[in-house]
Amino acid sequence: MASLALITTLSPTLPSLRSHASFPKALLLKPFSVSQTRRNSLKTAALGLGFNKTLISSPKLANLTRDFSPPRRGLSVKAAATTGGSSITPAAKEPWQGAAMKPLLASIATGVILWFVPTPAGVTKNAWQLLAIFLATIVGIITQPLPLGAVALLGLGASVLTKTLTFAAAFSAFGDPIPWLIALAFFFARGFIKTGLGNRIAYQFVSLFGSSSLGLGYSLVFSEALLAPAIPSVSARAGGIFLPLVKSLCVACGSNVGDGTEGKLGSWLMLTCFQTSVISSAMFLTAMAANPLSANLTFNTIKQTIGWTDWAKAAIVPGLVSLIVVPLLLYVIYPPEVKSSPDAPKLARERLEKMGPMSNKEIIMAGTLLLTVGLWIFGGVLNVDAVTAAILGLSVLLVTGVITWKECLAESVAWDTLTWFAALIAMAGYLNKYGLISWFSQTVVKFVGGLGLSWQLSFGILVLLYFYSHYFFASGAAHIGAMFTAFLSVASALGTPPYFGAMVLAFLSNLMGGLTHYGIGSAPVFYGANYVPLGKWWGYGFLVSVVNIIIWLGVGGIWWKFIGLW
């Protein structure tokens with residue numbers, strides 16, 4: 001360093017120094033003064049590098065050394081290479097890569113405060129402590145001091161550390177099929193895009209409906225609704241079919257994650273497809289896995305059967321109105337940047353021509369998708385559940401090399417979603433097992449029953465409490481199992497027509513899934529695409545929930561009166 005500093009600012013001497021084989025770069029320093037001892041040290045260092053003694057002893061070099069002094073700490077040092085100048089500054093302090101402290105402290109404070117609140121009568125200590133950890137985790141998921149998977153893992157760790165849950169209980173939901181089905185959906189999406197099949201189908205859609213973003217959105221919405229009664233898993237429909245298609249459409253239209261183009265089309269399209277997936281799930285008895293549970297609990301409670309036709313007839317009118325209104329509403333309040341593209345269909349047809357015939361991998365991908373969808377449709381007859389069908393499909397893709405296991409491992413969003421969704425399912429499930437949900441239901445029932453209101457107002461309050469308590473659930477089935485019977489019993493006791501009350505609660509058991517990014521199987525799928533920020537996801541989810549309630553209780557109420565449901 002000393003010799004480099006010494007030789008850098010020579011004027012006539014510098015060219016000869018630069019040409020020296022041992023000296024590839026020179027540092028250009030500002031003049032400073034130095035002692036005779038220091039000058040001798042610098043000369044010795046230069047000789048050590050192999051420079052000529054005559055050169056080192058030149059008068060110009062001797063004069064130069066008198067004008068050098070050591071740079072002060074913290075001052076920048078300018079450098080000049082033989083090809084030009086640049087600036088060398090002290091190494092910048094390494095940025096903090098850990099948790100964002102304010103959101104982390106807010107999450108911890110939520111849990112700590114609730115932990116030390118006296119446990120209400122009728123609630124066990126374990127249930128209350130788990131509620132504190134669960135709410136702290138939810139706050140962390142909203143504020144995101146760390147990635148979602150890490151926040152959820154901290155929540156599970158706190159549950160185990162405090163002995164609120166055993167290790168087996170905390171991680172029990174990693175054996176639940178729904179989180180795995182969602183993760184498998186991301187692997188399917190990778191193959192869909194990698195093979196080019198996604199682009200091919202996307203261009204076909206654009207060629208038919210792509211002259212406007214709204215038309216493209218409606219084509220997807222009603223395609224999903226048509227498949228809903230045949231595929232009794234909203235996770236499978238969303239993840240295995242529509243997520244890959246929607247992602248391909250976004251990419252084909254130049255809307256990508258991470259480059260600032262999410263708003264061109266992807267943000268609106270992802271949110272629209274998600275919100276309408278909960279509507280289509282509410283329209284048919286076989287459109288969501290938990291719907292038969294609602295029908296079964298209805299029979300056990302009021303001894304009346306909800307048939308497939310009865311369900312569809314009651315839901316068809318409010319469902320169609322919601323499918324029309326919700327995309328249009330989001331188009332107004334959360335619009336895509338590109339609304340009209342009259343040249344898009346022509347461009348899409350040109351791209352299809354350039355793509356040529358389907359490749360072998362595209363054919364394998366298409367065949368695998370048809371096999372998987374077929375098993376989802378006829379799985380009940382063949383005794384093959386949705387996640388088993390998806391694993392079979394993935395196995396075909398791996399064996400044929402359409403996608404590799406290394407590519408699956410690289411799908412970080414899939415593994416992150418699997419982690420946080422499984423964690424929330426476990427904690428929410430044990431809130432129910434510890435009796436907190438039944439205590440809440442009974443408390444609500446006593447409160448509403450004691451108000452002395454008409455059955456219409458009482459039922460309205462019950463509906464809102466039932467609907468918005470879904471913030472505490474990561475599964476529609478868990479919510480239905482925990483609260484459906486209690487709320488239906490009380491509604492009936494307060495004068496609500498029992499069959500009418502059962503139908504309304506069954507429909508809302510689907511619609512409430514649109515509130516959060518974990519409330520129904522399609523939520524983690526579409527949210528995990530990373531086109532919509534979490535705050536907007538929750539905010540628009542709440543707004544759409546209000547619109548859906550108005551449509552289903554308003555328009556639906558008139559329709560149900562017309563068909564004699566109440």
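Glycine residues also receive a Cβ, built from the backbone N, Cα and C atoms like all the rest.
TrEMBL annotations: computationally assigned, not manually curated.
Lifted from TrEMBL, the feature list:
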| type | residues | note |
| --- | --- | --- |
| TRANSMEM | 104-123 | transmembrane segment |
| TRANSMEM | 130-155 | transmembrane segment |
| TRANSMEM | 167-189 | transmembrane segment |
| TRANSMEM | 201-221 | transmembrane segment |
| TRANSMEM | 268-290 | transmembrane segment |
| TRANSMEM | 311-334 | transmembrane segment |
| TRANSMEM | 363-382 | transmembrane segment |
| TRANSMEM | 389-406 | transmembrane segment |
| TRANSMEM | 412-431 | transmembrane segment |
| TRANSMEM | 443-465 | transmembrane segment |
| TRANSMEM | 499-520 | transmembrane segment |
| TRANSMEM | 540-560 | transmembrane segment |
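With a threshold of 8 Å between CB atoms, the same-chain residues lying at least 6 positions outside the transmembrane segment (130-155) that come near it are 99-104, 106-108, 110-112, 114-115, 162, 164-165, 415-417, 419-420, 422-424, 427-428, 430-431, 434, 436, 471-472, 518, 534-535, 538.
Three or more CB pairs closer than 8 A are found between the transmembrane segment (311-334) and the transmembrane segment (268-290), so contact between the two stretches is assigned (pairs 6 or more residues apart). Contact between the transmembrane segment (412-431) and the transmembrane segment (167-189) holds: at least three of their C-beta pairs are under 8 Å, each pair 6 or more apart in sequence. The transmembrane segment (268-290) makes contact with the transmembrane segment (540-560): 3 or more of their CB pairs lie within 8 A, with pairs spaced 6 or more apart in sequence. Highlighted: of the candidate stretches 104-123, 167-189, 201-221, 363-382, 540-560, 540-560 has the greatest count of Cβ pairs under 8 Å to the transmembrane segment (443-465).
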